[in-house]
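I have placed the structure first, in the form of structure tokens, so that the comments after it can refer back to it.
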Amino acid sequence: MRRRAGVEINAAAASTGAGENFKGDMLAPSAANNNVVRALTVAAAVAAVSGGTTLLSPQGAAFVHVLAFGTLLGSIIFNTFIVGLTMFKNMPRQMFGRVQSKMFPKYFSLTTGAALVLLAGHALSPAGLVLSAPGVVALLVTSGLSVLNWLAIEPFVTGLMFQRYDIESDRTALRCGPPSSQQNKPSKTSEDEAEIKRLYGKFGMWHGISSLNNLAVLAAVVSYGWVIASKLAA
């Protein structure tokens, strides 16, 4: 967690100031535009259609399970195959990196939470929802690797990225103007080039590890989908 806090500080310091001038009452979020209201709305909808059944009734437990699985699989597919690639092809490199530094912690915490909900569902639900040994392994792999990416690998990789950005940036522009005026140095010293090369190599290795980790999570989640399908077909 200390590493995550350090990455957040670096991200704030390196911010380009995007959105800094977009403030005021007109853009203030509405009362419904917060996660608490959203969660209560979803809970109310579930209560309305459940007919007053308890949360851990067979039908309620199965519903929570399907919802958690859909969230888990959908978020992984959308982030892995659509969001990242789309932004990478349509955004400047440093802007893309800064946006990803904000999105990845949310993404990994979401996949971790969804996997833990699936595991908890089997511990707390009625006997009708029983998990097979392959299913247990799939969920343990998912939650374990997601936690590893969330709390260890991603903060480290993001820290390396911001170290490179700091070398590339023209600090004079930052001192003489607003954060939005940040520019890269017109030229770099040989020491800068050597350090950037070192950081790039280290970043590439750990980014590859993180990507393989994410791929393993995807494979485990799809495998768990097969477990669910086998129970539906039984």
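Glycine too: its Cβ is placed from the backbone N, Cα and C atoms.
What TrEMBL records for this protein:
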TRANSMEM  36-56  transmembrane segment
TRANSMEM  62-86  transmembrane segment
DOMAIN    67-165  domain 'TMEM205-like'
TRANSMEM  107-125  transmembrane segment
TRANSMEM  131-153  transmembrane segment
TRANSMEM  212-229  transmembrane segment
Distant-in-sequence neighbours of the transmembrane segment (131-153), which means Cβ under 8 A and at least six residues beyond its ends: 1, 3-4, 72, 104-105, 108-109, 111-112, 115-116, 118-119, 122, 206, 209-210, 213-214, 216-217, 220-221, 223-224, 227
Composition by DSSP (helix, strand, coil) of residues within the domain 'TMEM205-like' (67-165): 89 helix, 0 strand, 10 coil
PLDDT averaged over every residue in the domain 'TMEM205-like' (67-165): 89
